[in-house]
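Data block below; observations after.
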């Protein structure tokens with residue numbers, strides 16, 4: 001936002017120069033982007049009056065004038081401007097004056113006529129880049145006065161780059177309040193008396209969409225004269241704020257916007273049929289805007305309409321049909337509060353960005369509408385005349401923002417800032433910022449003013465106190481913290497252990513989104529009910545993941561499409577399960593998962609090339625389980641899991657609870673997800689593997705070990721893991737190693753049976769085992785297998 005420094009100093013005038021003021025604003029969070037002069041450098045230009053104006057005898061486009069600049073003699077000046085005429089006040093560059101560009105005025109003759117000076121245009125004085133003809137000054141401009149002094153051109157234009165949360169400073173009133181607080185001085189409050197209605201004309205107002213517009217004020221002004229020019233003082237303030245003068249009505253609404261920070265709009269009263277309705281746009285409704293462009297309105301767009309048509313896009317842009325023209329004599333003045341949520345993003349959807357939308361998106365003071373309409377009314381009556389009707393207000397009080405009370409604790413303030421600020425200073429800062437403050441028990445209770453949409457929590461108040469107090473005023477103190485050594489639980493396994501294990505086995509860690517494509521997730525987990533986001537980034541990221549598989553498989557497919565022959569990815573993260581008993585109805589479960597496909601090993605002359613299979617992923621899973629030093633508590637069963645191949649999948653159980661799965665991706669799922677080659681996956685809940693059995697110190701036996709091999713026949717459906725578990729239980733302390741070294745099916749074996757060759761290693765720590773001891777253990781093992789699995793020794 002650009003503004004005139006002199007205009008600001010009319011409201012509050014601290015005893016500091018421009019540079020100090022700019023630095024002060026920047027340090028308070030209102031960053032100054034630049035400071036430029038209000039006009040180019042020139043001197044010797046006075047206010048003059050055209051007392052004679054005649055045609056040049058030898059040139060059709062030139063006029064010979066006599067100008068009164070307050071001296072003893074009139075100045076003869078030849079002028080070519082078409083608007084030069086008798087009686088107007090003008091800017092006169094006298095002989096010796098120096099204009100921008102080091103242009104010096106000298107005595108001259110133009111087509112034989114003497115010219116002792118020059119009548120200046122705005123462009124020639126570097127005041128404006130636009131304008132036709134010479135400057136026309138107000139009729140009450142004092143002749144002979146230095147133009148720089150008269151127009152207050154020894155001024156600076158300050159450009160501040162405000163953050164989106166500081167919409168309250170998008171007006172001179174808000175900026176003055178900030179400067180007053182920063183310098184601990186009072187602000188000259190603008191007194192805005194109510195304008196007495198002199199006519200009874202009014203327009204009915206209906207709030208159809210109360211949530212988007214809870215307050216709307218309208219006032220009829222009749223009999224305005226738009227042939228009147230906008231006063232130069234207002235034109236100059238608008239210019240220095242980067243706003244071009246258009247006509248008196250538009251200029252007044254723009255002036256109020258810049259002064260109070262409140263957007264306004266004026267309608268041609270004769271274009272309004274019936275009354276005003278503030279509603280959402282109808283399907284297919286169109287509107288021709290003031291710039292002549294026609295737009296098709298979205299149904300989510302709030303519009304100002306009469307009983308038959310849309311008149312304007314609320315808070316953004318007016319319509320051409322109801323716009324004020326030079327033929328307008330009666331207007332309806334609008335002053336409204338629009339909910340920032342209703343305006344945010346609407347302007348961009350139509351390719352627009354206006355001063356009004358810029359402010360309404362950030363939040364306009366919802367208590368300012370009456371002051372704004374009274375201020376605009378008074379200015380209009382002063383400039384263009386007319387008669388004002390009563391202010392008509394439609395309000396949904398329950399839909400207006402509520403006053404928020406925020407508590408600031410002394411302990412919290414000191415801890416965050418790291419410095420003690422006196423109670424009186426804190427109270428003064430908050431009070432000057434407009435907060436209604438109550439001091440109680442080492443804390444402050446502050447009612448947030450209606451113009452501060454950005455203050456909602458305690459940290460917001462701390463920020464306000466700190467920035468006004470001045471960050472440079474807070475002493476530099478090195479942070480101190482007590483370091484308390486935390487005890488390390490040896491039974492807890494660090495996540496890095498699992499990561500390092502997988503990396504050592506050729507995996508690379510991936511990080512995928514928690515938001516996944518619900519269609520892809522349904523392919524892998526058709527029975528799971530996903531948590532659908534109400535406002536997703538995109539349709540492809542609209543569901544919370546119920547496992548890591550959708551994200552990992554999407555990454556695998558991405559890498560396959562880039563010709564990667566060997567892919568091994570793993571991820572640690574959360575899966576999100578719907579659970580009514582959990583906090584917010586969501587159970588967040590930490591898991592670790594992985595996917596593999598392609599070659600089992602990189603190409604090498606020693607090993608033959610082969611693709612990964614079920615036992616590769618099983619080995620990786622067992623490597624993770626082995627970190628717990630308690631493999632016996634895990635039970636692996638051949639069971640089908642969602643999205644996995646029915647003949648190549650397994651489920652991991654701990655104490656009867658499912659804690660993980662692994663296996664081959666189902667061919668149908670593989671095809672649906674555009675994945676080539678056989679792919680294997682695994683996922684384990686971290687709660688099942690994050691604790692380990694601490695290793696117990698035991699002496700190394702000095703007695704010999706004995707190996708006995710047994711070959712048994714069992715039905716093909718018998719789980720080998722169950723057999724090994726049973727042997728471990730019956731083997732006792734003397735069984736120190738157990739190994740399945742052969743599985744055979746085929747010739748010599750009955751159909752539906754398999755042969756298992758198992759090596760038992762027996763050893764004692766206190767004696768040499770005798771043959772009878774060894775046979776006793778082996779016989780117990782064989783008997784147990786026969787009893788539990790109907791196993792028999794193979795001949």
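Keep in mind that glycine also has a Cβ here, set from the backbone N, Cα and C atoms.
Remember, predicted model here, so these are calculated numbers, not experimental data.
Under the heading domain 'tRNA-binding', Swiss-Prot lists 39-148, citing sequence analysis as support. Swiss-Prot lists 401-476 with the feature domain 'B5', giving sequence analysis as the kind of evidence. The annotation Mg(2+) binding site is assigned in Swiss-Prot to 454, 460, 463, 464 on the grounds of sequence analysis. If you look up Swiss-Prot, you'll see 701-794 marked as domain 'FDX-ACB', on the strength of sequence analysis.
In sequence order, 429, 430, 433, 455 constitute the residues six or more apart from residue 464 (Mg(2+) binding site) in its chain with CB-CB distances below 8 Å.
Apart from 454, 460, 463, 464, the residues listed for Mg(2+), the same chain places the Cβ atoms of 165, 452, 455, 459, 461, 462 within 8 Å of the centroid of those Cβ atoms. Averaged across the domain 'B5' (401-476), pLDDT in this predicted model comes to 93. A 10 Å cutoff on Cβ-Cβ distances gives residue 460 (Mg(2+) binding site) a total of 17 other Cβ atoms nearby, all chains included. For residue 463 (Mg(2+) binding site), applying a Cβ distance below 8 Å and a minimum sequence separation of six or more within one chain yields no residues. Counting every protein chain shown, the number of other Cβ atoms lying within 10 Å of the Cβ of residue 454 (Mg(2+) binding site) is 17. Across the domain 'B5' (401-476), DSSP assigns 33 helix, 14 strand, 29 coil.
Applying DSSP to the domain 'tRNA-binding' (39-148) sorts its residues as follows: 5 helix, 48 strand, 57 coil. Remark: secondary structure over the domain 'FDX-ACB' (701-794) totals 34 helix, 32 strand, 28 coil, with classes taken from DSSP.
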